[in-house]
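Undergrad: Grabbed the feature section from Swiss-Prot, which reads as follows:
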BINDING   GLY261, ILE281, LEU290  S-adenosyl-L-methionine binding site
COMPBIAS  1-11  compositional bias 'Basic residues'
REGION    1-69  region 'Disordered'
Amino acid sequence: MPGNSRRRGAVRKSGTNKGTTVGSGGQRRRALEGRGPTPPAYLRPNHPAAKRNQSSPHRPVKRTDETETVLGRNPVLECLRAGVPATALYVALGTEVDKRLTESVMRAADVGVAILEVPRTYLDRITNNHLHQGIALQVPPYHYVHSDDLLAAATDSPPALLVALDNISDPRNLGAIVRSVAAFSGHGILIPQRRSASVTAVAWRTSAGAAARIPVARATNLTRALKVWADQGLRVIGLDHDGDTALDDLDGTDPLAVVVGSEGKGLSRLVRHSCDEVVSIPMAGQVESLNASVAVGVVLAEIARQRRL
């Protein structure tokens, strides 16, 4: 009989809709929602331009001073929660989805940030093969506050607790110190404008996103800035392995500015002379000194303990 597809030898032509009982139900339409602007051709996985991009030599992507890339699920999410302005959110194809990634995508979409799903090889390239956990956020350069504003914010919620860095050149140390300051209720960090680590993607990553909450200021002259803080009532405490005051004897309840130098060089001469006292951390065994970020964490933890009493 005509139209009887069950008769012997009957073959249905492919591509016909006859016999279909389930429609798309709007699935195609929903799949296109919330993905942001269409990415360029070289970012579309199935486009010939993308295949050429993947097969090209993996050279580091040229970076400019106009943007910075924050890597990792916690740092990216903290940036978006803090309202840090961003221009693009990159998510690697095939990345395992968790609550942090889901919230990051939703927050980015809510504020109009372009969400680009890219090959993992491309994300490796723009991050110079640093650990990114399948997600990266492109942001403007870090916004440093003025040291006077840092002091004002600290005195608004006494007792003030600020940290200054002298000769710290490793951004991982800076990021770890930012994280400790956030963990122990510090108000901010002061770094020299020259010959110092700055808030880069590496520092963002090490801080686990705390850089979005802790203000950082730059000083053209660290010694002069410390003197201003001292004149405003802060007690300036230096950290050094040969300090004349043991941490056990430190009164951490006063408004404080804690100054730390590098593990190798320690505090510079002028900065050391700017301190009201220099504190050492009692240690057992043959260990002479601690990494700068570890030393800051130990001292801030002791100050926080005293302030809770």
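Using N, Cα and C of the backbone, Cβ positions are placed for all residues, glycine too.
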Undergrad: Can you tell me how many other Cβ atoms are located within 10 Å of the Cβ belonging to GLY261 (S-adenosyl-L-methionine binding site)?
TA: 21
Undergrad: Setting GLY261, ILE281, LEU290 aside, what same-chain residues sit with their Cβ within 8 Å of the center of the Cβ atoms that define the S-adenosyl-L-methionine site, listed in sequence order?
TA: LEU239, ASP240, HIS241, VAL260, GLU263, SER280, SER289, ASN291, ALA292, VAL294, ALA295, VAL296, VAL298
Undergrad: Where does LEU290 (S-adenosyl-L-methionine binding site) sit by DSSP, helix, strand or coil?
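TA: Looking at the DSSP assignment, LEU290 (S-adenosyl-L-methionine binding site) belongs to neither helix nor strand, so coil.
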